[in-house]
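Chemist: Here it is, the structure, as structure tokens.
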């Protein structure tokens, strides 16, 4: 009796349906954070070298930035943080806060509100898709972060109310400014671009939240700094004429909505230690 020839066994992989093919992995959270932090550190060192006139040092730092992948790699890491599994689009928090008054506004006069979005990473975020805002963007996709800060600080001041904004978004921008005084200057300058308080007679539903500043920072900037906590931030913002309307703290980020209430009272805030400890970071905001 002839023996039957055994058929070669197919591996499990060979019979796997094509729909189960693995998708490319995203950058890990740890790698993303390390790349962003390194990029920030190099930009800070570059600014210091520029201030000293150290051309060789600037060139060496530029080479390090390029070795990391340059602006393109930084953009990818920043955008990665807006994935659903990384916490998502920060402007969704803003839309949750604003939705009640925006809905009432749309049922009334319904004019588009003007937003200045500094450091825009995506045109597909919640604010862009809401239909409530006419958005002007200082776009990170076309500029480096150092240029981003410079563009905002050197942007011509509005001539009248028609050129001012109802809201400014600084989402993960202030923390990139390399020195405490520069951060204070940026916060002060935001007041120059906002409509004056009480200019919403045609739309009273907006007065609870506008004109306003949406500010997002890495949580440790406020929760673990030697020089800044929420109480001090509230006082600093108050001196600029802002009042805190909303806030939210997660493991990674802090979100704030500040309503502009007036010109404020000019005060000086130096870099003063308010919390000691070897594990604290040095994030600070200084107003001269």
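Including glycine, each Cβ sits where the backbone N, Cα and C put it.
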Chemist: Of the ranges 1-31, 32-62, which one does TrEMBL flag as region 'Disordered'?
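Modeler: Of the candidate stretches, TrEMBL labels 1-31 as region 'Disordered'.
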Chemist: Across all chains shown, how many C-beta atoms besides its own are within 10 angstroms of the C-beta of residue 119 (S-adenosyl-L-methionine binding site)?
Modeler: 22
